[in-house]
Amino acid sequence: MKVLWAVLVVTLLAGCRADAEPELEAQEPAVWQSGQPWELALGRLWDYLRWVQTLSDQVQEELLSSQVTQELTLLMEDTMKEVKAYKAELEQELAPMAEDTRARLSKELQAAQARLGADMEEVRNRLAQYRGEVQAMLGQSAEELRARLASHLRKMRKRLLRDAEDLQKRLAVYKAGAREGAERGVSAIRERLASLVEQGRLRSALTSQPLRERAQAWGERLRGRLEEVGGQARDRLDVVREQMEEVRAKVEEQAEAFQARLKGWFEPMVEDMRRQWADLIEKVQVAVGASTPAPSQKP
């Protein structure tokens, strides 16, 4: 009776697996499409778990020899190492991000990373538990143990897929500066990206501007500079002209003063000489008149 019950359970589980497995398999390509190193490593782990889930004779043999858990441990370590490396690379790229935003995103990413690691750890522990149960066989048949393991593996693979997708989304958000909206506090990043886009658009417009327009702009600038220099030269010339007028006025004033002084010096001398000359002429005329004899009268 127990054997029949076990066969019935295995049949039902196999039917459930047949219904659930295509849905799970259909989701796989969307997970690893970008091909990041951590995704490729997780893909190898995923393929290995799919092979383990077949519970073939080889799988059973390797489960009992702990080879499966050892191989799974290596794949887990490789996956987590690639995740950490990719996260470190993103942190370097997003160093200019605001500290509070970067801390919030990093915390969310670490939580998703921890969930993925816990899922893989649970799978490994469950496989180790199965090996112990098979070795003990405490009142259970091998079919029952395999059925229970298959059921657990399906559930854990679904959980692993869900958490892997969540980690992938958060890494994409981290890489894009949290594009999912203001609820993640990334408005500053969007403003910075918008500013960079606007600067790029302006730079592109200036680069594609016709040469004639750019030459005209340079000509306007040069003309303005020449007018400025010419205005400064005219102002300087006016200052020099005013200074020359002041010098000329001073020279004329000094010349007039000197002329007045000369006139004051020589006019008395000239007047005295004129007076002396007039006296001399008068004396000569008197002397000439006195020496001339009077004319004789005839009878």
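Numbers here mean position along the shown chain, with the first residue as 1.
Every residue, even glycine, has its Cβ placed from backbone N, Cα and C.
In Swiss-Prot this protein carries:
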type: SIGNAL; residues: 1-18; note: signal peptide
type: REGION; residues: 74-245; note: region '8 X 22 AA approximate tandem repeats'
type: REPEAT; residues: 96-117; note: repeat '2'
type: REPEAT; residues: 140-161; note: repeat '4'
type: MOD_RES; residues: Ser141; note: phosphoserine
type: REGION; residues: 152-162; note: region 'LDL and other lipoprotein receptors binding'
type: REPEAT; residues: 184-205; note: repeat '6'
type: REGION; residues: 204-273; note: region 'Lipid-binding and lipoprotein association'
type: REGION; residues: 261-273; note: region 'Specificity for association with VLDL'
Model confidence over the region '8 X 22 AA approximate tandem repeats' (74-245), averaged pLDDT: 77
Helix, strand and coil residues within the repeat '2' (96-117) as assigned by DSSP: 19 helix, 0 strand, 3 coil
DSSP helix/strand/coil residue counts for the region 'LDL and other lipoprotein receptors binding' (152-162): 11 helix, 0 strand, 0 coil
